[in-house]
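First up is the structure itself, then whatever we jot down about it.
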Ligand SMILES: Nc1ncnc2c1ncn2[C@@H]1O[C@H](COP(=O)(O)OP(=O)(O)OP(=O)(O)O)[C@@H](O)[C@H]1O
Ligand SMILES: Nc1ncnc2c1ncn2[C@@H]1O[C@H](COP(=O)(O)OP(=O)(O)OP(=O)(O)O)[C@@H](O)[C@H]1O
Ligand SMILES: [Mg+2]
Ligand SMILES: [Mg+2]
């Protein structure tokens, strides 16, 4: 089984994880301030689309990243203001946002570029892969980090940054408080609405990066609904990680490697309909394992009745 | 008279003509309040009189529709609590505003964290919190997680929060509602200490003896208006009540001696475990007979809640038996308990006892909705539901426009009446009443107490859990004291004293004897 | 309040749903206009393409599964729960409904009944796994129901892709079910599935309004602790609700297979996205069944009209997706739709 | 019905699929040749296929449909609309009506040639294939590819075919890239890319192995990923539809037309004129091309039989 793990595979798994990881990070940020973000799928799609548009228009990948960030932040305004100032239900808003993202990107794709489905053009500049000769030869580290885009590096650095900010800084303490009990935070003079709005928007910028990685990092192409469920996996990772950036990252890694493993299984002749299910089953198992211990801690009214 | 500097008495805090409306309802109607430096000032009034509203305006949580606030003679305007905190306001809410997953020190410094190089300076924070705690004799370990603390300690954390911000004026909204007599006395010590330190205390409560003990002056609200200002030393409880309610209220519970009948609730060797396997209720046995009121006294967090949940079927006991009216209901769910004869007034009316967004009719049906007259063969009788609700609203004097309206905006006392009405109407053989008068005004307390006694006299078995010793002493025929999950002692109500019970509640059996 | 705000406020006094639709239509129209299309033409095409006499059957035909999936979402939502696993449950129902008449002997009408019931039971049971996970292990149903969808889809896809594939075609699909086991045609594209769904919808509304179970579910949705305190067996209720929700998803799959496709075709049940449209319709009504059904029917008309618009004008039908999302977003933020789910 | 209106009804959204785009172009050209107009109706599932087909049958003189998805409904709709002519591309229903015409392709012949190119040009000696979805139809692109490579280079190693799958198999370039990475990690340097909208990812993924190249489908994809595409299996859907509609109009269209290398329905970019400018890598391998041309001639002459992986049970 270990011979499945080849440098290429690890490398490509890390690459495939990046958008999910970025989105999951954004999800934990939102979760920490008490906004359950189920719109990651749609935000990622908007980011992917804007990244391609930006890269195409400016002729630089950086332009693409900037466009992705801006567009996703703008898109996230709906969630940020929707759940705070307008006091809407997060689930409803997120479901609406996902649909809007899917419809709007498809619509704009047709109207802006006259194509439907897939948009690829040599003018779309993808992200460079960073090759560091020094680490290329090292086992494991080299496999993981050589030939990755800057966004993959950013993603893992952000995991560390978010963790430190969340648990070691005044800002993080406030965010955690806002998420745990908004009313209590309010009485301590913390402007809950503002913290939530800013956090959701910052998270939006991070999902924008996820979208840029998806469309510019791996392929330099936009295709309709190309987020293809990755945002949902990120939502699952957030819940599995209980809004903790490190655990959420761990969940992403678990899913990513289960996914890479499933492709390998396909190579062994198993039908893809069956192997496709592997990462989801692995995630479900992880979900069960992480929950069996906490079984009795839940609300007594739930476990009542024989 | 000796010559000295002429002191114009500038009030520490003054509110002038405060008006706050919620739609058509005027919660505060041109309220004037003057509080002097270093005094303990009581704000009293019935449920819904506007006390909490006024306090949240003074603390910047809400903006008044009209009126102004002056601090030491200077006009201030608060956009948020932050502004009020900056002016030296501090507030301890009745429902604690604490983050249960965070430690004491994190709760205290929240929003005003000491930092170094952008990171929280944990050591400085703990040190500072420890210092303040020591200075005001608030025994708290700064490093423990708040979720694991008892109610009394949590309250100290709340006070610490205000002191950490160097609050000059401290608002305490019903601070003693959940304290034992000893804890309450400890709190009063702290309050005296603070006042001596030159700090000002605004004290919201429904308890007259506390007002008489600790406060210097009293302002009474009724229907959002100030109806009376009094100096505590020159008034009496009777006068305050008259000011609050506009009538005389009988504070003494009238009841004849009990004539207990057959056992209705029998719990035998009941053990309830926590998640990590600790016993929360430890081999508790008790019997409640028809026609008697059994009180359970104890400091919150000593297993009363879990015991009641196990008795009501909300929680599975680990070991032991429970029977209601002869029926074994140990492993059964709530519905089986209700069928066997349980009526149950839960501790928390807003979270457990009602659904805010549901109509009064729906709220008043819950628990009895499966059986005639409300339902037949799985079908709900909407007309019966409405008729029953209207009858209860009338009989219990619930202040609500119609049975079709949601109960979400009722005041605490009225909401409690909804719960009491529902649980008493069906004449169940067993009534469990948990903190039935918490946060309820004197008028309503009188009413609820007399209803409980009426239940007993009708022959029902009543199990009363209350943190309010005076309530237990007034109502119960027998008193059980719970300590660390065990039923530590049974005391005859006729001979019990507050002091002895207080010692038992603290687990000091020898001294109490 | 400034003077400028006053006419605004008067405008906002229009009942929320028509206002939301108006906002959606205006914003959608602007989108069309900006991209060089004619909004009036587009909307005319949508309306005639969905509500004109000869397009009405198409709309109704589309509404049957969509309203079905609306109920799938609305029933748990009424109790404050969310079932995101509709896709998997519908697919299981579709496959079972195709396999019964293919591999069981018996007279056609009996096969139809057995196929529908088997589909409902299979899907219902599958849906209860998620409920069991929450009641037994505290695994949030929101995510387990979503995750459980993937294995269901994968396995069904495998079954029709390999062991039970119709080898006379190049697609992953079962053979055609016998004529006798197909739902009777009412007229045009409409079949008896319409009547079945109508009955189910009425039953759900009646259950919600007039039964003890309906009351208990509503109360749970408003405050689950309160319901538990009142004697509602929360665990059993959750299991029952998920069974009902899953069973209706199975019914939808079965009606499509037995009524219009006559075989189970990999992916065909999922590509129209009934599950998400249904979820949106249910959210729009906060789980209230009658409102949800109306919202579902409205979406069905909009989507059917969208296809017609794309045929008539060159405006892509994704415009109707944009319209739907604007309507739901507007309602959510303007009137806090769905905010009634108080606890968790 | 307007006899000069030609409507193309697609089984899936046209967007992601180059092949459906070709069909749309073909329909437009055919309509232009007739002096009429063309329309395209996009479907997503059996219900909308039926709706679109019925709407088209009422309006158009000729309806062009593409794919197996029409097998069930077409005979029914054709019977109800005897005036309208139907051209079904890529598939043929079991019961034909007089107004139904079929054009089916022998994709496997061209794919076999692509495989031969792969066998002749591979440096690592390993070839493989990636398809969007494991359905029999797509095996026409994967199996003959491996067979072709084996034919010219019996000791070539063939990797297990990988499928993109997932939520969006025809439009998930990232998953395509991931699968390419797996093949690359096994040193496979010639890959058939039958992933429709996911192909871009496959091309990108092969960039990680120096000298690796893919084979595109349906249209010339060489320019889309310069240096990554060896050649393309072109399916001349546009030509077939153009000719088919014209034939139907003239009345000389056979009811069932099977199109392979011989008929010009299938080809490789490398076998056509303008290879040099195509941007395809195969232009740099003239000897290989020469051998492949010889193979093509054998197939056309019938001396070399290529197995159809989709031998449907009759
Ligand atoms: N946010 C609100 N919206 C509508 N009405 C409100 C709101 N807050 C308070 N009220 C109403 O204002 C009145 C005053 O409420 P307030 O909480 O100030 O009373 P209180 O004196 O604190 O009562 P209690 O003794 O029960 O705590 C009540 O009738 C209450 O129902
Ligand atoms: N969002 C709201 N809308 C309407 N009324 C509200 C709202 N929030 C609170 N209220 C009302 O405001 C009053 C004050 O709320 P609070 O939480 O203080 O309850 P209370 O029980 O009256 O007070 P206490 O807890 O001090 O006894 C209550 O009467 C409550 O019904
Ligand atoms: Mg109050
Ligand atoms: Mg109160």
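The backbone N, Cα and C atoms fix where each Cβ goes, glycine too.
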Segment assigned the feature transmembrane segment in TrEMBL (from A:37-60, A:61-84): A:61-84
Listed range which TrEMBL flags as transmembrane segment, given the options A:174-196, A:197-219: A:197-219
Contact call for the transmembrane segment (A:150-167) and the transmembrane segment (A:90-109): at least 3 Cβ pairs under 8 Å, seq gap 6+: no
Residues of the parent chain within Cβ reach of the transmembrane segment (A:61-84), under 8 Å, 6 or more residues beyond its termini: 30, 35, 37, 39, 42-43, 46-55, 90, 93-94, 96-97, 100-101, 124-128, 151, 192-193, 196-197, 200-201, 203-205, 207-209, 211-212, 215-216
Long-range environment of the transmembrane segment (A:90-109) - Cβ separation under 8 angstroms, sequence gap at least 6: 35-39, 41-43, 45-46, 48-49, 75, 78-79, 82-83, 115-117, 119, 222, 224-225, 231
